[in-house]
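Enquirer: Would you mind keeping the following structure in view while I ask a few things?
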Amino acid sequence: MASHQHSQAIKGAKVLMVGAGGIGCELLKTLALSGFQDIHIIDMDTIEVARDAVLRFRPHISITPYHANVKDSNFNVDFFKQFNVVLNGLDNLDARRHVNRLCLAAEVPLVESGTTGFLGQVTVHVKGKTECYECQPKPAPKTYPVCTITSTPSKFVHCIVWAKELLFAKLFGDKNQVNDLNVRSNDACSSSENTNDVFEWRDDEDFEQYGRRIYDHVFGYNIELALSDEETWKKRNKPRPIYSRDVLPDKMIQQNGNVDKTDDLSSASAMASLGLKNPQDIWCLMENTRVFLEALKLFFTNRKKEIGNLSFDKDDQLAVEFVTAAANIRAASFNIPSHSLFEAKGIAGNIVHAVATTNAIVAGLIVIEAIKVLKKDTDCYRMTYCLEHPSKKMLLMPVEPFEPNKSCFVCSSQTPLSLEINTHRSKLRDFVEKIVKAKLGMNSPLIMCGAALLYEVGDDLEEDMIANYTANLEKVLSELPSPVTGGKMLTVEDLQQEFTCNIYIKHREEFDEEKEPDGMVLSGWTQAPPEKKDDKTSIGNGASSSKSLPTEPMDAQKDIEVKEISDGTASPGKKRKMPEFSEGCTLDQSNDADETRNDKKIQKLDDDDDDDDDLVMLDHWGKDTSKKQRLQ
């Protein structure tokens, strides 16, 4: 329960939770037990179960669920303005960026969080007082060279990327995307009739014939085509073509699935249809072949209306089954070990499986920071990192939030971004998909060059305007009605996020296909320069400091390696300097029964200290700690 001194801040608070997964469920419970009485939750999954469970022991509180995507247009800035604080428990970068911008526009404090296994972090973002979630660039998801994915895979992850980003997208995704598996990138034999419209369903085909034709093309013919380039395989193991007739005899076709068409899309499962129950089993080649064909059939029978608009989703059971089977068949061709559906889903969805204790700790830390925000106790805000291995006998590392980054294109917008691009070859569609949506995280962009409106989306657009903007997407930048060439400035705006940024265009002729696969380079998103040093040095664990206490020079500080990864969690890597404890500093060690509270000196710990690891929870973090400076 929240203590009496916090009750007034909590009692009238209206709180928005975004995400009700591993962190979210723990957070909802902790909020209820802490005395919060008006809680709103947005999540794409069903929330009612968690809500009902909490109401059993807190029947008098109000929990309002929104079973929806936080990026839906009705969750706009005005919606966010009604809340006192927003608490994130999300699992993807795109949604985190979206909520960050809505909170900035609505001027509502955001408490951000994330966990990965034993690692976790909680950060506080208050407009104008602390850095926003995007003040520091987040590491981009790992990418792989196109030639490796299409021609010479050597790891199972290469097969997953091929199955997810190329084959799944080709069969079920946007047909306008540049993605052609009809031939390999090195298409010396592209004249073969086998390469003509191979993915189009023919009128005279049934599901089995179509599935086998796709199977034979991507796992048989394309591999034979790859083998024709003898130079590629001089120092590599050659793959083997796999044809369906060699794995699944014709007589087994009738055994391959027996599920009737149903309106319940969630029940469509190739595993269920084929009697495969354990997701941790590793399927043999025949089982992978049967799952591949059955999943393809189910997509075209049960989910035909979605075809053309689908993208891979780790929570889509049928999509995961198809990608797992396709990746395993390709792996078999290249002599790469197969993986179970459970393992493949983790790889495809970038999943690190949750640890319940970490989620519970992070949920508690979120509530602690939320109470400080509601009390406007600015000096006590902390970013807290949950570490897998203790540093100075601590598994929780709290530090003071950093100041806003003056170079941040989201919360400062003082300096435009710069884009190197070939304006004579790149289309407006490339710019929208690869930069505006993928890099800048905009959902409903409006793009202007000077006073000319080049592109816009929205429900209120006239048909002729929609046709105009659709036509613009297929034009290269330099041939648009208002030509975009080197030296021009583009203004990009997202009306839902109330966010605008400017992009300076630099024409560039050539790009390195391996290092710059997008054919364009966005820059200008840099860290702010280091500020001048204070006379005082803040203390890494957030304990109160005093002018009478000796302090160390900045150069003597020890690096604690902390980085933020794509799901918002802390992990060893990128270095931000966090000070050593000065001798004589006091620390409230609430879990150490052998020491007198607030009265024991903390000695510096050597790297080879073999003492038992203690989990140190800080009951209260001092208000007098000097503001931490950003260090490069």
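Each residue, glycine too, has its Cβ placed from N, Cα and C.
Under the heading ATP binding site, TrEMBL lists Gly19, Ala20, Gly21, Gly22, Ile23, Gly24, Asp43, Asp91, Asn92, Leu93, Asp94, Ala95, Arg96. As annotated by TrEMBL, domain 'THIF-type NAD/FAD binding fold' applies to 48-408. The annotation Zn(2+) binding site is assigned in TrEMBL to Cys132, Cys135, Cys408, Cys411. Annotation comment: TrEMBL describes Cys147 as active site, glycyl thioester intermediate. Marked as domain 'Ubiquitin-activating enzyme SCCH' by TrEMBL: 292-345. Annotation source TrEMBL lists region 'Disordered' at 512-632. The annotation compositional bias 'Basic and acidic residues' is assigned in TrEMBL to 555-566, 594-605, 620-632.
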Enquirer: Which residue, of the binding-site residues Asp43, Asp94, has its CB surrounded by the fewest other CB atoms within 10 A?
Expert: Asp94
Enquirer: Once Cys132, Cys135, Cys408, Cys411 are set aside, which residues in the chain still have Cβ within 8 Å of the Cβ centroid of the Zn(2+) site?
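Expert: For the Zn(2+) site the neighbour list reads Leu104, Glu131, Tyr133, Glu134, Pro404, Asn405, Val410, Ser412.
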Enquirer: At the Cα level, what's the spacing in Å between Asp94 (ATP binding site) and Cys411 (Zn(2+) binding site), rounded?
Expert: 17
Enquirer: ATP site residues Gly19, Ala20, Gly21, Gly22, Ile23, Gly24, Asp43, Asp91, Asn92, Leu93, Asp94, Ala95, Arg96: biggest Cα-Cα distance, Å?
Expert: 18
Enquirer: Enter the number of other CB atoms within 10 angstroms of the CB of Asn92 (ATP binding site).
Expert: 15
Enquirer: State the count of C-beta atoms found within 10 angstroms of the C-beta of Cys408 (Zn(2+) binding site), not counting that atom itself.
Expert: 22
Enquirer: Just how many other Cβ atoms lie inside 10 Å of the Cβ on Gly21 (ATP binding site)?
Expert: 17
Enquirer: Which one, from the binding-site residues Arg96, Cys135, Cys411, has the smallest tally of other C-beta atoms lying within 10 Å of its C-beta?
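Expert: Relative to the other binding-site residues in Arg96, Cys135, Cys411, Cys411 has the fewest Cβ atoms within 10 Å.
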Enquirer: Return the average pLDDT for the domain 'THIF-type NAD/FAD binding fold' (48-408) as a whole number.
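Expert: Across the residues of the domain 'THIF-type NAD/FAD binding fold' (48-408) the model's pLDDT averages 86 on the 0 to 100 scale.
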